[in-house]
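**Q** Below you will find the structure I want to go over with you.
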């Protein structure tokens with residue numbers, strides 16, 4: 001042992017804390033449910049539902065009912081055997097209380113309780129109990145209804161007989177209320193729960209899952225029951241896409257006690273979806289079962305292609321080639337799953353790889369031989385992917401070579417910043433040369449770089465990498481970012497840690513923004529994951545009365561400001577009492593805003609959504625001369641740029657001196673205005689792009705940007721009533 005000269009008198013046995021019962025869970029909840037945010041909140045529901053699904057997989061239950069109650073509570077009821085209630089020999093408590101209050105107590109550790117279950121750690125329902133301010137458990141067994149209540153993991157009384165129930169009725173009902181002192185933000189999302197339960201219904205053939213949302217005025221409900229299992233699941237993934245082969249591949253066999261259930265189907269899309277499950281638990285990071293599937297898929301397709309002269313001797317398909325456009329479900333059920341962490345993100349059982357590899361290879365070889373037309377369509381799809389991969393490699397190497405000498409080969413239209421510190425550097429991707437010119441003049445050259453685009457970039461959802469790299473605008477962006485793309489992408493080389501999409505507030509601007517989001521989501525997901533991608537929020541309106549100019553960012557703000565201005569017979573003062581939601585910019589001159597002897601008072605309205613936007617308020621000054629030169633301020637009573645919003649605009653028409661301008665293009669603002677309203681860190685409003693649900697995001701991008709028209713039309717019709725700021 002190394003010598004230590006520090007005194008040890010203040011470190012003794014009394015400093016060692018022993019946490020008993022459920023104390024560790026309440027002290028460190030993240031270790032058990034991943035987080036105390038919205039993800040952890042949903043994890044509580046999954047833990048209870050997974051217990052009910054274990055009963056279904058064991059053949060003892062067929063129906064699960066989930067209810068989201070008005071008071072914030074959640075109820076999960078199943079028709080399984082019911083948690084045992086007799087006294088446990090080791091704890092000397094009822095078995096129900098043991099399961100609910102002792103970590104690692106359950107029917108999943110050996111014995112005959114469950115041969116297959118989603119749990120490894122045995123902490124599921126006890127963790128839910130620990131993290132709930134209130135929990136009530138009811139069990140029906142042997143004609144008796146038992147109940148016990150808990151508060152923050154501690155029983156409030158003994159297990160009691162509360163009623164009788166029919167002899168043939170058994171099951172468990174858990175009602176819990178998440179502890180708001182632990183879960184301080186977020187709520188249970190209907191869509192998230194629906195998606196998860198749909199998955200479980202696909203993976204558990206024959207189960208009836210019902211869900212009710214009683215939190216609103218009207219009760220919403222959903223029911224799931226799928227006879228087709230994972231084949232139906234694949235059909236759900238490919239819905240709206242053009243499939244390459246009509247007959248999905250499916251194999252379901254058991255090897256060495258491990259049940260393997262695999263299905264897949266190719267579409268003509270570039271992107272695909274690969275979902276892995278172990279004992280019905282979703283494994284977002286894959287694991288051994290995914291490794292086994294991928295190796296068998298690549299090997300079998302290579303063997304078939306060579307055997308049927310699609311490939312020459314030295315040619316081979318890569319894993320990326322065979323997974324392009326692949327939609328696959330890999331599900332295994334095994335007696336002793338070894339997961340990484342309580343959130344079970346990755347399966348670690350080596351025997352799962354062997355079972356999946358063997359069963360998939362055998363099943364796929366037979367499928368290809370029995371379905372030659374399907375096999376032909378699959379191989380031709382992969383050949384096209386391989387050809388595109390080779391072309392993309394050449395193009396990618398050209399782009400990387402071109403970007404190697406950073407200072408000399410940066411894109412000509414890029415106005416770079418002086419700073420070389422990525423942590424403080426910002427890149428604004430702007431629409432067109434007009435807006436680019438204003439942004440270049442109005443920016444802070446120390447840390448803000450500007451890259452104008454010629455217009456709409458390539459839709460990468462419908463294009464392979466080789467075509468993507470042939471696009472001049474995309475090549476310029478790749479070189480400007482400095483981190484390469486695809487396999488060569490290196491987040492450590494990214495030149496800017498704040499990448500801002502800044503487009504016009506019209507239909508074309510929204511389209512360009514969506515195209516850029518698609519590019520970053522598909523090819524730069526780590527940029528989004530690291531929180532480096534933002535969307536600028538330029539003002540929608542400039543409102544002026546007398547010498548006071550106000551910029552607002554939404555229709556509601558516009559109506560509120562115009563109402564306030566029209567309710568006053570005199571020009572509003574600039575003091576803080578004039579409007580609680582505005583900040584007056586004065587007494588300071590920004591470096592990019594030229595001064596003037598005759599200055600109007602500028603007010604920027606920082607109305608924000610606290611969950612999505614983090615603006616900061618500050619001070620600055622804009623010259624009225626320059627403002628009048630570059631923007632046409634039309635009197636509201638004469639303006640054709642009015643909206644259908646009620647209230648404010650109509651009122652503005654009746655009051656002389658109030659003018660209203662709707663900004664549709666960034667180029668309509670002069671550099672000083674663009675700086676103060678959209679680029680100045682003290683005032684600007686920005687949205688940080690993140691991904692709450694990767695699968696949901698993947699589906700939305702596929703619908704909006706994919707090649708199929710029908711699902712996009714359905715999406716537009718469904719969400720048309722939510723459109724704001726429609727540019728007609």
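A Cβ is built for glycine as well, from the same backbone N, Cα and C atoms used for every other residue.
The domain 'Toprim' feature in TrEMBL is assigned to 425-539. Look at TrEMBL and you will find 431, 504 tagged as Mg(2+) 1 binding site. The feature site 'Interaction with DNA' is assigned by TrEMBL to 456, 459. The annotation Mg(2+) 2 binding site is assigned in TrEMBL to 504, 506. The compositional bias 'Low complexity' annotation in TrEMBL covers 565-596, 629-650.
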**Q** What does the DSSP secondary structure composition of the domain 'Toprim' (425-539) look like, as residue counts for helix, strand and coil?
**A** 57 helix, 21 strand, 37 coil
**Q** Which residues in the same chain, at least 6 apart in sequence, have a Cβ under 8 Å from the Cβ of residue 431 (Mg(2+) 1 binding site)?
**A** 452, 453, 455, 502, 503, 504, 508, 509, 512, 666
**Q** Counting other Cβ atoms within 10 Å of each Cβ, which of the binding-site residues 504, 506 scores lowest?
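**A** Per-residue Cβ counts within 10 Å for the binding-site residues 504, 506 bottom out at 506.
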**Q** If one measures from the C-alpha of residue 506 (Mg(2+) 2 binding site) to the C-alpha of residue 459 (site 'Interaction with DNA'), what distance in angstrom results, rounded to a whole number?
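**A** With distance taken Cα to Cα, residue 459 (site 'Interaction with DNA') is 19 Å from residue 506 (Mg(2+) 2 binding site).
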**Q** Within 10 Å of the Cβ of residue 456 (site 'Interaction with DNA'), how many other Cβ atoms can be counted across all chains shown?
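**A** A count of 14.
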**Q** Same chain only, sequence gap of 6 or more: which residues have a CB within under 8 Å of the CB of residue 459 (site 'Interaction with DNA')?
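**A** Set apart from residue 459 (site 'Interaction with DNA') by at least 6 residues yet with Cβ under 8 Å, we have 515, 518, 705.
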